[in-house]
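J.: This structure is in structure tokens; I'll ask about it shortly.
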Amino acid sequence: SSHFFKLLPSPSPATSRAHQATMDFLNQYFKVEARGSTLGTEVKAGLVNFVANSYQLVLIPQILHNEGRGLEKDRYMFGFVLTTFVSSFLVGVFANLPIPAGVGVGCTTYFAYALVQKESPWGSYKGEGGDPGLLDRQRFGSTVCFVASLCMLLLGVTRISWQIFLRLPEAVKSAMPVGLGLLLALGGFMQMGLVVNDHDLGELQTFNLASGEAWFQVGVGIAATALAAMLQKNDWEKTKALVPMALATLAGWAHDRTSLPDFGTWTSMWGNLGRDWFLDPGLLSHWSAFVMPCVSLYLICLFDVGGITLAVSDVAGLVEDGNVRGANGVFFACAIGSALAAAMGCPPVIVLGESFAGVLVGGRTGLTAIVMGVCFLLALPLAPIFAAIPLFASAPVLVLLGVELLRLIKFVDMTNIENALPSFCTMALMPYLYSIDRAIIAGLAMWLIIRCLDGVVGAVSRLFARGQDDQLAPLGGEHRAPAEGGGPVRRRTGTASLDAWADYHAGRFDAR
């Protein structure tokens, strides 16, 4: 082998200088060595992020298709991949954070079920039979997405979005990564079929024990998860995600549990190019139909982007005095990506929670995000292969991420009930509600209610204590009990009334 490499032509001095200049530029611009990383580690972290997020190449188009209520799922593929590449590239360049961005599952679900599936808000704009056409509903959703992206861009450039998020109480912020880990783990269990969603009852249940197909998916998913855990235990970090996913995919293909790659669908991915996805500007005069959807979509993006950015940066050691340098660049990148997504009929862009995977293998700079975006773009010709990967094959990655993030609960203050209850609501409700933003809102509401009640109860206690104190020494002097009663004589002091009554009942008083 050494003789073979000697036969290869050595690079010219000009090529070597250009290569070294490129490496020096990347190292200086992205501060690779300053953050304790290497270029090789950043590339590896980007590849790991791609593997961790590759299931979205399957899941996002399926959600948008919405069991036939949306367009053909292949039509969404190009827009989804392009917006993921552009957004991740912008995050890497402007924010220099190892947090790739792309179309998220939460925003996709809201877009598909709450915007596209709903009826048109204009009576004169409805199609035949009073039901709006599919394209009309898609255009309504895309228009709302575009307006929300403009709001995000304006507030992101002015740095208002990040400042709003920084004002969140520590009890809620510290619980976000733990809740996100539980949410990712639940997503993994649902992908492998261990937990199923009963649409009729509206609740999560155990899989059908009488179904052989369900047993196969659950068995393969659990075995792949255990294999990934053992690879991690033995320091096989580079292959702990890829090998279980590949073996599970081959098992699914061998047992005909999923379809083989169909390259005949490749051309249909370009179906959304050139299509007008925005409503007639004259219809925007019905502003009331846009207000609540735009506000809801912006809040979802705000809490998702802010929460994941802070949580991932904290794990990566990039939080300085409670702040993340480059966070405003993340909001800017997500706003530009969301506008592009709206122009291609796709949901808004957020940062991806699975980016913890890249950080856990050493990613510390924006190169990690750029590499993952490039991988998504390069995977576009191979999209039929990724579309043929069963969901249970990518489930182990999400479950192991949940395990890693659950360890961060040691940083949550559970000793003080005033902090513990809002933290618990934030953590527990993320998987229960299957929503990041709603869990954060619930934690904030609990924190606010506790603070308000604490003030009210404190005021009432002080009023009650003052009344009792006045009865004890109404003239500001001493109060003596009757001589025959054997009661105590309590001298009025400057101590708090509640402390005085506690001393009285404890028997610690001066008797006269």
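Using N, Cα and C of the backbone, Cβ positions are placed for all residues, glycine too.
According to TrEMBL:
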TRANSMEM  76-95  transmembrane segment
TRANSMEM  140-162  transmembrane segment
TRANSMEM  174-194  transmembrane segment
TRANSMEM  214-231  transmembrane segment
TRANSMEM  287-310  transmembrane segment
TRANSMEM  330-352  transmembrane segment
TRANSMEM  359-379  transmembrane segment
TRANSMEM  385-405  transmembrane segment
J.: Would you kindly list the residues that approach the transmembrane segment (76-95) from elsewhere in its chain, counting only those six or more residues past its ends and only Cβ-Cβ distances under 8 Å?
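T.: Contacts of the transmembrane segment (76-95) (Cβ under 8 Å, skipping residues fewer than 6 from its ends): 30, 56-57, 60-61, 64-65, 70, 101-103, 269-270, 272-273, 326-330, 332-334, 336-338, 340-341, 344-346, 349, 351, 365-370, 372-374, 376-377, 379-380, 383, 387.
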J.: With a Cβ cut-off under 8 Å, give me the same-chain residues at least six positions beyond the ends of the transmembrane segment (385-405) that come close to it.
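T.: Those are 51-52, 54-55, 57-59, 61, 77, 177-178, 180-189, 191-193, 217-218, 220-221, 224-225, 227-229, 232, 240-241, 244-246, 248-249, 252-253, 257-262, 265, 311, 354, 356-357, 360, 379, in sequence order.
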J.: Please determine whether the transmembrane segment (174-194) and the transmembrane segment (287-310) are in contact (criterion: at least three Cβ-Cβ distances under 8 Å, sequence separation 6 or more).
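T.: These two segments touch.
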J.: Can you say which of 140-162, 287-310, 359-379 has the most Cβ pairs under 8 Å with the transmembrane segment (330-352)?
T.: 140-162
J.: For the transmembrane segment (359-379), what are the same-chain contacts with Cβ under 8 Å, counting residues 6+ beyond its ends?
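T.: Residues 26, 30-32, 35-37, 39, 41-50, 53-54, 57, 81-82, 84-89, 91-93, 95-102, 237-238, 312, 315-318, 326, 386, 404 contact the transmembrane segment (359-379) from elsewhere in the chain.
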